[in-house]
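Quick notes on the structure that follows.
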Amino acid sequence: GAWPRLAMEASELWVGFVGAGRMAGGLVRGLLQAGKVPASNVLASAPSDKNLDAWRELGCRTTHCNLEVVHRSTVVFLATKPHILPGVLEEIRPAVGSHHIVVSLVAGVTIQTLQRLLPPWTKVLRLMPNLPCVVQAGAMVFSRGSNAGDEEATLLKSLLSSCGLCEEVPESYIDIHTGLSGSGVAYVYLFAEALAEGAVKMGMPGALASRIAAQTLLGAAKMLLETREHPAKLRGDVCTPGGTTIYALHQLEKGAFRATVMDAVEAATNRACDLAKD
Amino acid sequence: MSVGFIGAGQLAFALARGFTAAGVLAAHKITASSPDTDLPTVSGLRKMGVNFTVSNKDTVKSSDVLFLAVKPPIIPFILEEVGPDIEARHIVVSCAAGVTISSIEKKLSTFCPTPKVIRCMTNTPVIVREGATVYATGTHADVEDGKLLEQLMASVGFCTEVEEDLIDAVTGLSGSGPAYAFTALDALADGGVKMGLPRRLAVRLGAQALLGAAKMLLESEQHPGQLKDNVCSPGGATIHALHFLESGGFRSLLINAVEASCIRTRELQHLADQEKISAAAIKKTLLDKVKLESPSLSVASASKVSLFTNKSKKN
């Protein structure tokens, strides 16, 4: 386009969101919390005001015009529902320049599709975040399209590490990430609920049990991340011979817990692949 | 030093074979006895050059270290029989699952004031000098006695001292363990055959795979979980296979097995402590001194064989 190339400094970055739903909201909260981008530099568009109110409360600017987002931003996050995206891309195509960095969060839409529907010079990246980005403890993976280079990847990584773990991967890992971590968050919620339920059965009040269950998961995860030990080793460290833990683990093994979890990751990954084909 | 085995079955054979192969003991310094000369292991022992006799008393007299290598229910009969010949110099080593040191000491103390008793749990791979043995020393066994046994057993594999209360767990794990491994190997070979391998090759490869894996684990600082990960390339053959194992509850089956073996060992010990015994367990033993109250006995039947009739014989 005719617009001058905008500064690449993160603090002077203009960031736009086409689509203002839950996932986009999670990312922007992370960015703002970490001070990566001032709220006034953020512009989000959505068809209705329903979602945009929350953005305004954060200090972001809002619009109903997708083109305006593209005109006023360097980094453009595409965060629409999958079936909406093709129409949106058609709409913004004329405004997309070689200075733009287009980052798609849209589930199931491949880089190939994105590049087909955007001008040939577009720098495209595909991102798969997960919900805890909202609390800056997300797990995100991204892949680059043909025109995205090291500079764009580094910028994206630097922006997004404000929201949690952010790694570049080959595109083929993105569906796996969905199965592991995108949906994975729900498995953890299920596990937390079941833990608490067990405690309630044994006589603990529910609210307390829930808080303790969550803290247990948090603490265990923190130890995993910080000690870098193999989970099997950490598990062994907790198991006193003949003690409570090994008795409990035996129950989990009897229930083929591990296989069930593997099945879950596999099912979600396969479903992600299937949806992408549609 | 001379070693004796009361009992000439699988255990005596395996240990004798192991000791002689390791060169810690010459065959002619080993004596084994059993009333049943038809056991296949008897001819094996003879071929080795071990002194075989039908007299348990002869074994005791010609041994310094005396292994009780009979089935657990037979132990009380043996102790009753050879008790008078046990001297302070003897180190009595019981390899019987579930038989406590105190039960042996109690029995022998009617004959010898300070019997040296060591309880040991080993396993059949001593035969190829890759046994797994633990031992616990009794009241009158000195540190040197324990070390002597440890030296013997270390010549045929791994050996370490433990507290007696762990021995049932060891039975469940490494005592029975080779049977779990044989079962696994049989099944692995079937898998190989199903996918087109000749049986002999399948067995050979399966065994080598387990041997190699065990060796890697023993020589590595790493957790088996880590070693497993090292074999699993993303999306590869191995991880697909492991998923099947997990789905089948493979791990829990193994935990169940160790637990079941350990619990059964304790049950048998409990039964022994109550001094009740089934006819099937004693059929191979010469029992002219034992009164049978009924010709058809079972553990469940009301009439039981009574052991430890102390009033019957004592000199």
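Cβ coordinates are placed from backbone N, Cα and C, and glycine is handled just like the others.
Just so you know, TrEMBL annotations are computer predictions that nobody has curated.
Positions annotated as domain 'Pyrroline-5-carboxylate reductase catalytic N-terminal' by TrEMBL: A:15-108. If you look up TrEMBL, you'll see A:Asn66 marked as NADPH binding site. The NADP(+) binding site annotation in TrEMBL covers A:Ala79, A:Thr80, A:Lys81, A:Pro82. Among the features that TrEMBL reports, domain 'Pyrroline-5-carboxylate reductase dimerisation' is placed at A:171-273.
Within 8 Å of the centroid of the Cβ atoms of A:Ala79, A:Thr80, A:Lys81, A:Pro82, where the record puts NADP(+), the same chain has further Cβ atoms from A:Gly19, A:Gly21, A:Leu78, A:His83, A:Ile84, A:Leu85, A:Leu105, A:Val106, A:Ala107. Separation of the C-alpha atoms of A:Asn66 (NADPH binding site) and A:Lys81 (NADP(+) binding site): 14 Å, rounded to the nearest whole number. Here A:Ala79 (NADP(+) binding site) comes close to A:Phe17, A:Val18, A:Gly19, A:Ala20, A:Gly21, A:Met23, A:Ala24, A:Leu27, A:Leu105, A:Val106: these same-chain residues lie at least six apart in sequence, with C-beta atoms under 8 angstroms from its C-beta. Here the Cβ of A:Thr80 (NADP(+) binding site) has 25 other Cβ atoms within 10 Å, regardless of which shown protein chain they belong to. Under DSSP, the residues of the domain 'Pyrroline-5-carboxylate reductase dimerisation' (A:171-273) split into helix, strand and coil as follows: 88 helix, 0 strand, 15 coil.
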